[in-house]
């Protein structure tokens, strides 16, 4: 492989910026740029050491940056290649000049995610662990971070490998029974034994799939839409949850003319919180566009926060909103409890049909804790805190597990219908192959390229 280089820290002003190199020529290329005290070179440095010095243009001798350089030699590195990390002062100009020097001296600009891709290709991590790196970077809550860390440390991989080993052992027994039925010292693979083996694998796959809903919520966040008539307090609710002003809050109906989105962490539940323009008919063309977008977002939501005005009677528009969210996960919020109550609370509970109803005065910052508790109780059962739980959150993994379960079901149905054992073997082999796709065994190169292209440069 050639040697790659990239800036591994976010662009912009900061205390430190890092230029990373990986590959067989990493140390040699860095040495061409490095000027150490008393003529010290990086080539003579031991692995996993850090060295003070300067980066200089090898053609002009001009000093570009004062640096600390880490030397990490293969195979005890993230990529299992020689790795150099040049710690520069944070900024844009100097760190870019250091990168350009590395490219001029023989390195190639890394593609997005190429460092992690090399870690995968060199056997340092498997595909599910590589995907967990991105999950860790994108984690919005402590629980999401813990999920990613467990996967990155190989908990899911270990379970998948164990299931594959069990399937492979079963397949080997089937093969021996087919090819050498006369051998007395080989355990006979009866239909009953085959059912036991296949059912055991199915049970574990189903257990993983039961964790997928909460896992996906932690990974991607709940698409949460705030709806209500104009001026009932939707934008105030958004700002209360986000703890900063994101939307215009006035007494004028219709001041939110578009969809406003923000990530918030509500007691460990990540919400992609969306404030919508009031869903009503309007003559204002700009506001009408916002209303149309609101309706589309509503259809795609995981959770609805339906806001009502506690100081006004229920209107026909309010009732229509209840009808629009029929069958969806909804929390009803009666806002403006600081004003005289005019709403029919019993009628609201009737329309809510058993779904949570909370009261708030967002102006006085009252009732937010009750709302957060309602959100937590809807989507968090406590299972995520279990340190022993292994589960899936990645959409690709979930899809593969569903296919693997179907393959096991097909095998069990075949056994029940007394089909030839070699036909059952095909379905079990299919399940074994599918599970291998989770950890990166026998996956197409285009899929690998597509997965790593989602990473940032330098990772």
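Cβ atoms are placed via backbone N, Cα and C, with glycine included.
Annotated (6S)-5-formyl-5,6,7,8-tetrahydrofolate binding in Swiss-Prot involves 85, 124, 459 plus, out of the candidates 20, 210, 396, the residue 20. When the alpha carbons of residue 231 (K(+) binding site) and residue 459 ((6S)-5-formyl-5,6,7,8-tetrahydrofolate binding site) are compared, the span between them is 45 angstrom.
In this structure, the binding-site residues 231, 235 were compared by how many other Cβ atoms lie within 10 Å of their Cβ, and the smallest count belongs to 231. Across the structure, residue 459 ((6S)-5-formyl-5,6,7,8-tetrahydrofolate binding site) and residue 235 (Mg(2+) binding site) are spaced 37 Å apart at their Cα atoms.
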